[in-house]
Structures are given as structure tokens and as C-alpha cells.
Amino acid sequence: MPELPEVETVRRGLAPAMEGARVRKLHLGRPDLRFPFPADFAGLIEGKTIISLGRRAKYLLIELEDGLTIVSHLGMSGSFRIEAEKGEGGEAPGAFHYARSKDGKHDHVVFHLDKGEERVCVIYNDPRRFGFMHLVERNKLDLYPAFAELGPEPTGNALSADYLASRFEGKSQPLKSTLLDQKIIAGLGNIYVCEALWRAHLSPLRAAGTLVTTRGKPKAQLIDLTEKIRDVIADAIAAGGSSLRDHIQTDGTLGYFQHSFSVYDQEGQPCRTPGCGGTVERVVQAGRSTFYCAACQK
């Protein structure tokens, strides 16, 4: 499932084609994805101009001029691609035009857009149909069930060591499962938690509360972890995300941060920490694979 860097990569790729474009037609290939489309979904969107593309955690936000926002989740296999309208010459805005790379029978949503002199299609493809699109009033986004209790973004100023100390204090739960709690940090997933903990030399099995002093202040290790979380997310976004299973960027290319994985999916490989000499291990926590080096992550 795409994590925050993958969704941010998609947002950045779609923005040149979608922002400022008018939705001439919205084609739905079926009545539902994971959930049914909202009633009169196409009718509520056609004729509207897209004013901006945003993101909250792992959700893409397509904001329309009339105060409605399309909340889109990619699910397990969803992806967007951008193509010039059939019969039109030239490339789509942002130079993201490319030949079809996915089976057309899984093209479930097609935005036919007018942007200046250009006509472009933005196509949502989802073989497993685990993604979804909802319509939400922009001024009620904070009340949307998936957003109501989300923690701060790992890329924003709200994420600080002091904040994490306030959430970790007294917690006996393992550090990894605590970081995966979307109520604490929004958008962090399995891959990037494993990588951040390795960079901070912290065991995913360690109790989260041990990183907080008896006075409720962050220990030096928690200050460092906060920085490492920011760093790993920034590095992944710069690399275009990680192309595991079905994720592709909007220009059809694959992200390449997976080539920089230090521990994730590296079971049995030598630890990359200089001078460590340990081996990456895999354990299962709450039904999910955790990768770490027991020799240097304490």
C-alpha cells in the first residue's frame, strides 16, 4: 500500500496537468471501487475547475472550485497516469504523456480535462479495486472520519520531539507499533518506520516510553529519532517513493528509494551501519514484518 512519499510523488506528478484544469467529462467504468461512488459523482464534478491538489497523510485531495474536495485513496494497487486526449497531438501538461502501461480494463475513472489549449486525460487504474474516491465539503474536511483523529504530518513543523514525548510518555507498547499509530503521526507506514528506526539506532521492540525522561521531556534519542523520521521521508519523496508491488509514478516510471533500503526487506543481509557487523533480522509485530539489526539497534 502506498505510503506518504508515494502519495506525495503522485500529487506532484498530477499537479501540472490537473491544477487549473476544467473537468469537461468524468467517465466511471463501474459504479464502485472499494466503496460505491457518491450519488451523481460525475454530475457534481463535470464543468468544475480544479483549483489545487493537496495531500493529507496517505490521501490525495483534489479541490474543486465550488467548495467540494475529492478525497482519493490508492488502496493496494491504485495508480494515476496522464495522457493526451486521443486524437490530440503534443504532450500533456507537465510532459507526463506516455503510452498506456496498464491493462485498460482496470481504468475505472477517467478525468477528461481542458487546460488552456490542451485536452488531457487523467486515468485512475486499480486492478484490485481497493482504492476509493469520496466527495467532501472543503470546510468539513477535518470532520471526515479518516482525518478526524490524524496526528501531525511528519513533514510539518508540528512534529517535534516535545510532541512525541507527550505521546510516548508512559507507553509500554513497542516503539514501532507506536509510530505506526496514525493518531500520533499521520502517513507513516511500515517501510519508513523501519528505515527511520535503523537510522536512529533504536530497536523497534523497545518500549516507546523509555525515550522520555521522568519529567516528560524527550531524551536525546527521541530528538534524534524525530530528525531521522523527517530525513527518511524527505529522502523518499526526493527519490520518487518506493515502487513495491503496484506503485508507479504518474509519468509511468518507478520510484527508486527501494534501492536505498537499509533494513526493509533486507533479511539476512549485513547491516549497513559502519563497523556494526550485525545482520538484518525479520520479526513479526502485530501481523506485520519488522526488519532491524539487533546488534546496533537498542
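Each residue, glycine too, has its Cβ placed from N, Cα and C.
Positions annotated as active site, schiff-base intermediate with DNA by Swiss-Prot: Pro2. Residues annotated as active site, proton donor in Swiss-Prot: Glu3, Lys58, Arg288. Annotation comment: Swiss-Prot describes His106, Arg128, Lys171 as DNA binding site. Residues or ranges marked as zinc finger in Swiss-Prot: 262-298.
Known features from Swiss-Prot, placed on the structure.
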residue	record	Cβ contacts under 8 Å, 6 or more apart
Lys58	active site, proton donor	Met1, Pro2, Glu3, Leu4, Val7, His73, Leu74, Gly187, Gly189
His106	DNA binding site	Asn125, Asp126, Pro127
Arg128	DNA binding site	Gly75, Met76, Ser77
Lys171	DNA binding site	Thr178, Ala207, Ala208, Gly209
Arg288	active site, proton donor	Leu180, Asn190
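Averaged across the zinc finger (262-298), the predicted model reaches a pLDDT of 97. Candidate active-site residues: Pro2, Glu3. Fewest other C-beta atoms within 10 angstroms, Glu3. Secondary structure of the zinc finger (262-298) per DSSP, as helix, strand and coil residue counts: 0 helix, 14 strand, 23 coil.
In this structure the residues listed as binding DNA are His106, Arg128, Lys171; their two most distant Cα atoms lie 44 Å apart.
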